[in-house]
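Record features (TrEMBL):
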type: TRANSMEM; residues: 19-41; note: transmembrane segment
type: TRANSMEM; residues: 93-117; note: transmembrane segment
type: TRANSMEM; residues: 123-142; note: transmembrane segment
type: TRANSMEM; residues: 154-174; note: transmembrane segment
type: TRANSMEM; residues: 180-199; note: transmembrane segment
Amino acid sequence: MAQAVEEWYKQMPIITRSYLTAAVVITIGCSLEIISPYNLYLNPKLIVQQYEIWRLVTNFLYFRKMDLDFLFHMFFLARYCKLLEENSFRGRTADFFFMLLFGATVLTGIVLIGGMIPYLSETFASILFLSNSLTFMMVYVWSKHNPYIHMSFLGLFTFTAAYLPWVLLGFSILVGSSTWVDLLGMIAGHAYYFLEDVYPRMTQRRLLKTPAFIKVLFAEENVVVAQPGNARFAPPAVHDELHQE
């Protein structure tokens, strides 16, 4: 059993493995009181005045206490982050990292701006960690890239992947969880999907381009495509989406 888990872990692509590892280590560290969540949460005043810049990152790594909800989000993180990195972003690790960076920036911006809006400031001020929202963003983007895959929810009913975010949002409402977390993830996911997939088809222009310094950090992988009688290296496809009926 341990060997199977180790093999599964080693086979994860680099971004998924790194994010999952950091999330588990940080969350376990907080549960054991080795790390204090008070040093991790998103606090604009401490970031600006005390230069605690790390909070812009650590608030995406802590998934609260280790309970059923934690396991639920670890499953979604491992599954959909891995599916995106291995399929839609296959051979484009830098682009995948930029997608996460874009999502984290949008989520942070929404919370900071929302905290300055009357009547909404208290709601946004209560959002201290955006880890669940970033996970939900990945689920949303995956559902847009794979809209025709058939899925089942707890064996109760089936639906296509295009409706997965809405099914999960409905489930959050039923169990009494905060829907703001899911909604923020959907907003960030839709912003990325529109700018990366819809807008270029409408205008033949791309607004989102992975910066050169990010591409330097990740060695691009060549996708091998078998040719009759020979095997050649092909450049990474712009989009390698799975559309299954």
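Keep in mind that glycine also has a Cβ here, set from the backbone N, Cα and C atoms.
TrEMBL does not curate its annotations; it predicts them automatically.
Predicted, not measured: the structure shown is a model, and the values here were computed from it.
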Stretch in 19-41, 123-142, 154-174, 180-199 most in contact with the transmembrane segment (93-117), if contact is a CB pair under 8 A: 123-142
Tertiary contacts of the transmembrane segment (123-142) (same chain, 6+ residues out, Cβ under 8 Å): 23, 40-43, 59-64, 73, 76-77, 80-81, 83-84, 88, 99-100, 103-104, 107-108, 110-111, 114-115, 117, 161, 164-165, 168, 180-182, 184-186, 188-190, 192-193
